[in-house]
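Visitor: Below is the structure I would like to discuss, written out as structure tokens.
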Amino acid sequence: MLMEKYHDFEPNFNIVEIFESLQGEGFNTGMPSVFVRFGKCNLDCPWCDTPYNNFKRWSVSQILEKVRSFSSKNIIITGGEPTIVPKIEYLLEQFKSDGYFLAIETNGLKAIPAQIDYIATSPKSLYAHKYEKRCIPFANEVRIVMDSNMPSFCELIEQKIKAKNYYLSPCEIDGKMNLLETITLLGQLNQRSNKPKWQLSLQTHKLIGIE
């Protein structure tokens, strides 16, 4: 249906980069994957280290050619924020036709395309008011970057987004990683009764110097 809809007009996409590497964080750490990074985002987090506004227009054919040049059959759709990309379902259908396993990295505020096999969401505490109103109800994993107002935000996300795995990740503030604060909060969260257990997720790709 989607292929027929766009038969006479193949959409182009804002692509920051496409590369093959190892997943560096979360449940699938170490998994060889092809990363397709889309431009633009619907949030503006002050600590974001992703150049999501530095993109070029790629055709579907160009994207497929690049992705097929790598050996991995796992694709991570990331950004920016991929759920705001117009006509992304068309591209995802092409990936599925090629037999790829599709994971998405999203902030969790917009609906997830049906073609996605695995959802990793990273809710942002700066926008807690948005998650109180509406967000995705389920993810395979939740990864939250440790910044401020975290205990109450973690509890909010537990209520809003059901997940198999919940992770906290430290972030760099004024040139220093807040690892101590992160593991301290992990201990507090995991002392609660009948609540989800949280785990530590590090950006291991940065620690070992890969993309």
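The count begins at 1 with the first shown residue.
Cβ atoms are placed via backbone N, Cα and C, with glycine included.
The model shown is predicted, which means the values in this text are computed figures rather than measured ones.
These came from Swiss-Prot, pasted as-is:
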BINDING   Leu22, Gln23, Gly24, Arg37, Thr78  substrate binding site
DOMAIN    28-211  domain 'Radical SAM core'
BINDING   Cys41, Cys45, Cys48  [4Fe-4S] cluster binding site
BINDING   Thr50  Mg(2+) binding site
BINDING   Gly80, Ser122, Pro123, Lys124  S-adenosyl-L-methionine binding site
Visitor: Summarise the model confidence on the domain 'Radical SAM core' (28-211) as a single mean pLDDT, whole number.
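Guide: Here the mean pLDDT over the domain 'Radical SAM core' (28-211) amounts to 93.
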Visitor: Checking your reading of the structure: which of the binding-site residues Leu22, Gly24, Arg37, Cys41, Cys45, Thr78 lie inside a 10 Å Cα sphere centred on Lys124 (S-adenosyl-L-methionine binding site)?
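Guide: Checking each Cα against Lys124 (S-adenosyl-L-methionine binding site), the hits are Cys45.
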Visitor: What are the other residues, in sequence order, whose C-beta lies within 8 angstroms of the center of the C-beta atoms of Cys41, Cys45, Cys48 at the [4Fe-4S] cluster site?
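Guide: Apart from the listed residues, the neighbours are Leu43, Asp44, Thr50, Tyr52, Lys124.
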Visitor: Excluding Gly80, Ser122, Pro123, Lys124 themselves, which residues in that chain have a Cβ inside 8 Å of the centre of the Cβ atoms defining the S-adenosyl-L-methionine site?
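Guide: Those within range, site residues removed, are Leu43, Cys45, Glu81, Thr106, Asn107, Gly108, Thr121.
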Visitor: Taking the Cβ of Pro123 (S-adenosyl-L-methionine binding site) as the reference point, list residues of the same chain whose Cβ is under 8 angstroms away and which are at least six residues distant in sequence.
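Guide: Sequence-distant Cβ neighbours: Asn107, Gly108, Tyr131, Cys135, Val142, Ile144, Phe153, Ile157, Ile161.
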Visitor: Out of Cys41, Cys45, Cys48, Gly80, Ser122, the binding-site residues in the record, which is closest to Gly24 (substrate binding site) when you go by Cα distance?
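Guide: Comparing Cα positions, the closest of these binding-site residues turns out to be Ser122.
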Visitor: What is the maximum Cα to Cα distance, in Å and rounded to a whole number, among the residues Leu22, Gln23, Gly24, Arg37, Thr78 annotated as binding substrate?
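Guide: 15 Å is the greatest Cα spacing among the residues binding substrate.
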Visitor: Take the Cβ of Ser122 (S-adenosyl-L-methionine binding site) and count every other Cβ within 10 Å, whichever protein chain it belongs to.
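Guide: Its Cβ has 20 other Cβ atoms within 10 Å.
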Visitor: Please give me the CB contact count at 10 A for Cys45 ([4Fe-4S] cluster binding site), counting all chains in the structure.
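Guide: Looking across every protein chain shown, the total is 17.
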Visitor: Could you tell me the maximum Cα-Cα distance in Å between the residues recorded as binding S-adenosyl-L-methionine, namely Gly80, Ser122, Pro123, Lys124, rounded to a whole number?
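Guide: Across Gly80, Ser122, Pro123, Lys124, the two farthest Cα atoms sit 13 Å apart.
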Visitor: Could you check which of the binding-site residues (Cys45, Cys48, Thr50, Gly80, Ser122) sits closest to Arg37 (substrate binding site), going Cα to Cα?
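Guide: Comparing Cα positions, the candidate nearest Arg37 (substrate binding site) turns out to be Gly80.
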Visitor: Here's one to test understanding: among the binding-site residues Leu22, Thr78, Gly80, Ser122, whose C-alpha is closest in space to the C-alpha of Cys48 ([4Fe-4S] cluster binding site)?
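Guide: Nearest candidate: Gly80.
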